[in-house]
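K.L.:
Pasting in a structure now, in structure tokens, and then I'll have a few things to ask.
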Amino acid sequence: MSQRIHLNPNAQRQQPMMGMQGGGYTPDPISRPSNTSNYGNGSSDDMLGKVQAYTSKIEDLIEAYTQPIRPYVPAMARFLIVVTFLEDALRILTQWSDQLWYLQKHRRFPWGLSHLFLLINVFAMLGGSFGVIGKRFPDYSVFCLLGVVVAQGLGYGLLFDLSFFLRNLSVIGGLLMVLSDSLQNKKKLFAGLPTLSETDRRKYFQLAGRILLIFLFIGFIFQGSWSFARVIVSIVGLGACIMVAVGFKAKWSATFLVVLLSVFNVFINNWWSVHSAHPQRDFLKYDFFQTLSIVGGLLLLVNIGPGGFSVDEKKKVY
């Protein structure tokens, strides 16, 4: 079989050397194509590396400047998580007759049962809230407050109200973060689940808490009138919510949501600017304190981290 060579017509003709038979053109060696296809990938990798280095510097700066207040974040987060229950208990006590009238006239509660319902709610909210703040029996305190959320949804007929449902899912997410935090030092809980270690249970509660915390913002996206500013805030906030849910840069995306929700809460749920006789005042006040509870859950997420079932933790492993 004859060997295939490439002839270069631009090359000069060379004379045959002595001792060689015949002559001809010098074979032009086959040139290998340069690896230019990886140039784009290399530049994109360099750009990604620069972005990661820049964000790392920002994270280091934030870490340094927030270091003095970090010891106080867990206590502040726990207080904010239960502040909606404290406000609700105070509301029932200060509006006792109005609450009884609503339950008896609109919810058809018999006399006596309406009183018992309100008393149980008040004691459960106060006891559970102080238990969470003081870290006294936090698991039982959390379950007590979870029972209040369900009981009020059924008692006041708000269980199928979309706004109430989404907000309370986020409140439940904050309570699950408290429960996850308590499992760090709790050795025996849920004895009926012997196949799960405390670490695994903590991971599951952190995952559920992260996902539930973002439902308040989802409710904000799908409710109300649209404007250009609302679209921008919704897109950016939804991106941060997704990052929180999957656990990618969860601490910093949760910090961003804390700032965003705090600003939103002050300017939108400004109940103090509404006249005390206006019926909208109580609704704005309720929304304000519930948003504070969700901010508390996000602060607790910033403090304890996203947990094992997250992109951030997987990156540490690999």
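Cβ atoms are placed via backbone N, Cα and C, with glycine included.
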K.L.:
Please identify the range among 72-91, 292-311 that TrEMBL labels transmembrane segment.
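P.N.:
Spelled out, TrEMBL records transmembrane segment over residues 292-311, not the other listed ranges.
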K.L.:
Which range out of 113-133, 204-222, 228-248 gives the transmembrane segment (255-272) the most CB pairs under 8 Å?
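P.N.:
It is 228-248 that shares the most Cβ pairs under 8 Å with the transmembrane segment (255-272).
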